[in-house]
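Participant: Please see the structure below; I have some questions.
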């Protein structure tokens, strides 16, 4: 008797949970969990950079690839080939046409790691790292999309970088908008299957 | 019994008086512990400069630290905590442990002065339309790239790229790995965080050095280090470590050898009185040595006192020789009169040999020579005149050696076969290629080898390569030194271009002279010209009209800035730290350093500097200079040792001639000198076989060994009465001396301090060989009561 009632209650509970997930907008924890569950990803991107000193934006495009836990590569193909790869604590920056290759530690400059982690920690679903560098605000959209707004905690970083806004849906990141006092960069991402 | 009781009373009073005297003396005499006293004197300006730098140069204010023994994140945390605490302590001019990031204030200062500090600004073509066009195109290109934040920050205000060029040339390539924002050794097996700190006080200020070390240790302890260890190296630590090492060695030796010698004497005499009797000449010798060194030098070096006391240990021979050779029923005073001549001659000869060290030029050796000579003479005098009064009657009776030993020694006495040792040693020396001379200044340092190696390892990990050559600059003020640095720079640039030199570090690289800064100001373009050039360069590129307003304002500002001087660098700690090692104020006289690296053509470099023909610009080849320094000092010591040896021989001959006449005196001198010369030969062969490279301290030890060997040769060579017991007493006494000397110096050869170890080995081998050879050449017939065979008695 008692046994059957427990079972019933559990079934009801499960039902309620399932309906909530379907109807309610996403939560930050759920988005992070979904992102963390995704171990690999490839996408195409287009990016435009705007600077107050320039009369027109500068466009570029290429591919992004992610592989958990910490490897992120941005391969720009147009208009000039450029590779930016982060793995562990090292960053590699290369422009093959100029035969330029530079390797840096993420801690070599104080602004570097926060900038990298805004994207990498998001892809890794690592909220703790995000919160270490940023105030994190989350907004769910009615259509199932979400938006994470990051504001640097360090005054020094804030002086150069005012905000990073990351938009996505489910376990996919679809846009990154970075606003600094030197200008604004908008990246639009199209995941590849 | 009454003789012993009276002896105890007299000895007690004498020792008490001597003790009081010693206590009084030690209150007056200041003791020094400066390592630089171990360095040889300089003969060339370059060597003088080098010694001065070794004593108190900028490099002596550096402390290097490794933190290891814990996981990496933990080490990083400790390193940060230690760094913060050290910076807060204000004892250090600079503390580096990680991210070499310009503080915002410093960045603003350097950015403002970019066109005065950067050599780029000197070139007017940088500001023409074609050159600017190129920069603007690459600016657009850079803005597209991932590096755009940096370019946007500096590119519009400095399209000429002066600031970024400046930073690039300063920071260069680093071999230090940065993890968690903290320096780690790149090639270490276990993680090791690295910290470097530069003190405000010069290296000669030993107290300040000790305070720096203490500050480091306190900061480390306060960082809650857990299992982590702090490894601290640098000249400040070395002074302390060296003093501690010498002290530990000297303490070990004095306690151990004291106990062993006391046990030996007790065994040989069964009398505590003998111990007290030996103490009298020792104390007298110590008092005389200390007082004389104090009078001559104004202070006594701790190491001279320590080494000197071990030398004076040899002075314990005199009472043993006296007491041991007393005939049954003879008063000690009568023995002293009988042996007085020989005793005096041997002490005088040993002292004469040691006096040679006075002229060696090493402050420490000079003190040591004086201390030893005075101590030995005073000890011998005390034995001759004081001891007989203190030991009336037959208070101490030396016991004969155990019969097997007597038999063995009797067999060795006059056994010329032992002399075969000499050709053997000579052959060994020949095979080994002769004695090796030390030319490494480090081997003269009492700093333990292990510490020096760890220091070298830390320096390598921190990316500070061994400096082989440097160019020293002098001037009345910083500006004069900076101008000389620029002159050197102009002379070396062609060498770098030709590949004779990979590059060089110069103070003017970080802070150009005011003259150069003014020249750069004068070379800056006028505003109208620059505007026109910019407009032409930007044609067709997507820049707004106002894009380069900050650049134009920056150039206008640069034109009227007062030149940046060393006094304005308070907000620039990174720049100050780089400059601090290369440009410093030494009591009102400014000194600078240009440090070449990747040198491939030494003559070209020294030639280029010589061609500047400026007495205030000095080329220093460090390895060559220090080797020359040591070689010159060794050569001088060698000459004085030879002179000392000749003087001793002369003294011997004069003394023996008076006793024996011309020809026999000469023969006796040769016979006395042969065991000593032979012993020196054997010692040289032994040291060379053991891989010891000879330095002036070895020479001093050889002198000591010779002096001691002389005792043996003289006493064993004394024609004794035709009495077997007398002969046994004779070599028994000498054997006792050899044994006690071996106990002291044998122990010394186990020391960790290289110099002490060398002295120990030298004296031990020398004394053992001298005893055996002197015994072999001693008159045989009188002992066995047989007629002398083939006249080898020398009498």
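Note: Cβ is positioned from N, Cα and C throughout, glycine not excepted.
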Participant: I'm validating the feature mapping. Which of B:609-630, B:697-718 is tagged transmembrane segment in TrEMBL?
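Facilitator: TrEMBL lists transmembrane segment for residues B:697-718.
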Participant: Write down the single range among B:232-249, B:250-267, B:394-411 that appears in TrEMBL as transmembrane segment.
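Facilitator: TrEMBL lists transmembrane segment for residues B:250-267.
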Participant: Run through the domain 'Membrane transport protein MMPL' (B:632-779) and tell me, per DSSP, how many residues are helix, strand and coil.
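Facilitator: Secondary-structure breakdown of the domain 'Membrane transport protein MMPL' (B:632-779): 128 helix, 1 strand, 19 coil.
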Participant: Does the transmembrane segment (B:697-718) reach the transmembrane segment (B:637-656) with at least 3 CB pairs under 8 A, where each pair is 6 or more residues apart?
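Facilitator: In this chain the transmembrane segment (B:697-718) contacts the transmembrane segment (B:637-656) - 3 or more Cβ pairs sit under 8 Å.
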Participant: Cβ under 8 Å to the transmembrane segment (B:756-778), counting only same-chain residues 6 or more beyond its ends: which ones?
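Facilitator: For the transmembrane segment (B:756-778), the sequence-distant neighbours (Cβ-Cβ under 8 Å, at least 6 residues beyond its ends) are 246, 249-250, 253, 307, 310, 409, 412-419, 421-422, 446, 671, 674-676, 678-680, 682-683, 686-687, 690, 692, 695, 697-698, 700-702, 704-706, 708-709, 712-713, 716-717, 731, 734-735, 738, 741-742, 745-750, 792.
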Participant: Count, for each of B:303-323, B:343-362, B:368-387, B:417-437, B:730-750, the Cβ pairs lying under 8 Å from the transmembrane segment (B:663-685), and report the range with the highest count.
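Facilitator: Stretch with the highest Cβ contact count: B:417-437.
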Participant: Okay, the transmembrane segment (B:368-387) and the transmembrane segment (B:730-750): do they have at least three CB pairs under 8 Å, pairs separated by 6 or more?
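Facilitator: Stretch pair does not touch.
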Participant: Is the transmembrane segment (B:343-362) packed against any residues at least 6 beyond its ends, judged by a Cβ distance under 8 Å, and which are they?
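Facilitator: For the transmembrane segment (B:343-362), the list is 37-41, 311, 314, 318, 321-322, 336, 368-370, 372-374, 376-377, 379-381, 383-384, 633, 636-637, 640-641, 643-645, 647-648, 651-652, 655, 696, 699-700, 703-704, 706-708, 710-711, 714-715.
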Participant: Hey, which bits of the same chain come close to the transmembrane segment (B:637-656), Cβ under 8 Å, at least six residues off its ends?
Facilitator: 341, 345, 348-349, 352-357, 359-362, 365, 664-666, 668-669, 672-673, 696, 699-700, 702-703, 706, 710
